[in-house]
Amino acid sequence: MSEFIAENRGANAITRPNWSAVFSVAFCVACLIIVEFLPVSLLTPMAQDLGISEGVAGQSVTVTAFVAMFASLFITQTIQATDRRYVVILFAVLLTLSCLLVSFANSFSLLLIGRACLGVALGGFWAISASLTMRLVPPRTVPKALSVIFGAVSIALVIAAPLGSFLGELIGWRNVFNAAAAMGVLCIFWIIKSLPSLPGEPSHQKQNTFRLLQRPGVMAGMIAIFMSFAGQFAFFTYIRPVYMNLAGFGVDGLTLVLLSFGIASFVGTSLSSFILKRSVKLALAGAPFVLALSALVLTLWGSDKIVATGVAIIWGLTFALIPVGWSTWITRSLADQAEKAGSIQVAVIQLANTCGAAIGGYALDNIGLTSPLMLSGTLMLLTALLVTAKVKMKKS
């Protein structure tokens, strides 16, 4: 693959960024994220319409994450020599098909099939996103392009639930997914128009994905990714009970806190390219260290609403650096195997999200209200130490 990348760069060196293609990728990512979380705000009407409980309907989110984890691991092995332009178009088609299957679902099994299609698109798209980006812009512009893509993620995360809830009341949950299918069609046409041909890896250069973990610093990097995202979900999954019981926020106050977090996350993502240009390793070590301190502050003084709100804003600003930073690390330190590294990264993140939420929930129920914070802070501190000591970083 390294020879293949080198040959392509030599023959087709990128001198000007293809921003139209980058924005089409960002739009596709935003659509994937919005559709992933639409059921969260539509569970009740979906459950009532299909004659199932809300808990069972909630598995429509779980199955997407589960399929995405496995899709991310095996998609790069499956699409080796395929032009990545056609692969991205396929993912957009799967996104659209998923929405239509869910919209017309008359049984829980058809609903799950639709959501599984989304999982394949979600996991596959994230697996190739870093390598895709580095083939659309010059090396010096990669952090900026990644910040555009992750900025779209931040916006999608902020608007997905309230938009789904509002439109669900207005036009019904099935028509919400029909509207999402229309967005998928727009994705397809935009990608067809803007994304250039991006040849895949020749079949004779296939390599085992997991051999990457034998490279110096790669295993440490993946462990650091796991701990940082597990730390995030150990806390953020339970931000509602923590903020309502520790700081005394009501529903309206919590909504404003979450909105502030979302806006801060978008701002942090927008500023990430400037910070990462200075030092990727400093950002990847510094961000979790700041989050560890924030968890400590919230544990000690979180009963003060001003302090709690400030921590939420700082958390949103700071954590935004982490996903962009690790994708930048892949494009620089593992550029010759960016797709395979991306597939491992996505699987690690999905596993971390699941483990972080599960362990955080156990701690909340069995240890105490601030235990998710202490768990999160500990994981973030360990991440900062591991990055500082073991993670290797190549200069751009």
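Every residue, even glycine, has its Cβ placed from backbone N, Cα and C.
These figures come from a predicted structure and were not determined experimentally.
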Hey, in Swiss-Prot are SER279 and MET393 both on the same membrane side? yes
Based on DSSP, tally up the residues of the topological domain 'Cytoplasmic' (327-343) by helix, strand and coil. 16 helix, 0 strand, 1 coil
Which listed range (22-42, 148-168, 176-196, 216-236, 344-364) shows the maximal number of Cβ pairs under 8 Å with respect to the transmembrane segment (108-128)? 22-42
Counting CB pairs under 8 Å, which listed stretch among 55-75, 256-276, 306-326 touches the transmembrane segment (148-168) the most? 256-276
Cβ pairs under 8 Å with the transmembrane segment (306-326): which stretch of 55-75, 216-236, 256-276, 344-364, 367-387 has the most? 256-276
Hey, which of 22-42, 216-236, 282-302, 344-364 has the most Cβ-Cβ pairs under 8 Å against the transmembrane segment (55-75)? 344-364
